[in-house]
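Heads up: the structure comes next, in structure tokens.
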Amino acid sequence: MIKNRKKIHTVPLKEQIQNHKGLFVVYVLLRASVILTLVAQAFNRDWESVFFCVLALFLMTIPSFIENNWHIDIPDTLEIIVIVFIYAAEILGELRAYYINVPFWDTMLHTTTGFLAAAVGFSLCDIFNRNENIKFNLSPFFLAFVAFCFSMTVGVLWEFFEFSMDFFTGSDMQKDTIVHAIHTTMLDPTKSNRVVHIIGITDVILSDGTSLGLGGYLDIGIIDTMKDLFVNFIGAVVFSFIGYFYVKSRGEGRFARRFIPTMKFDELKEAEEKVAKKKEKKK
């Protein structure tokens, strides 16, 4: 493995822009929007919003950092999806309250998360599969299966994080859902594990007589959690199928290549040779 991971090929900025015009336009527009939002929120002294803007700017640099330092080629299509996802989650979702005001916004993002996490898991295994220095060989089916499992694990860990934040800090990351029925053994007066059904709930009234006007009962997170995991499952399955046929066709499919990062083996080999030469000179 290479200890010195400095970038090998320095491509002029103008050439990079010409080769990746779509990515460049999306990156500049979204980054400029985040910076303008950051300045506006700083003037308003809304430091929480400033934090989300700084976080978004930082996250947007990660794909290019990975490409330049780890010899991994991230397709433009995948990189655009990642950048738009970050903007949609941090700026539109948190700052513009799209999570509350736009139906299925959270669902769409969790589906995308499942897709992207599967892409990461698949790419890691695929890179190991192609590396001659690592004894690691999985069939197309198992590559897709590992990608699926990786994505679902990421989804579960994220739900653990949301629950922990809500439990320990009093936040509301696990969004509430209005339901009209309760099915529980907690209200069974006989304590015999019999399910009690309360159906047709139209409102919640506090002990002081205040009506919340919810139109039903407030479920505090379990439906949101299961919905998030289900759409994560859908995203993971979709990418796993894409990855399976990508390996099956030995990387010839144009569509699949748009979403799968690959190792820059030429750069990697050149870097290894340079490191070897430096060691010989020291001797």
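The backbone N, Cα and C atoms fix where each Cβ goes, and this holds for glycine too.
Marked as transmembrane segment by TrEMBL: 21-43, 49-66, 78-99, 111-129, 141-161, 229-247.
Against the transmembrane segment (111-129), stretch 141-161 shows more Cβ pairs under 8 Å than any other of 21-43, 49-66, 78-99, 141-161.
Same-chain residues lying 6+ beyond the ends of the transmembrane segment (21-43) with a Cβ under 8 Å from its Cβ atoms: 49-50, 53-54, 56-57, 60, 76, 79-80, 83-84, 87, 91, 95. When each of 49-66, 78-99, 229-247 is scored by its Cβ pairs under 8 Å to the transmembrane segment (141-161), the top-ranked stretch turns out to be 229-247.
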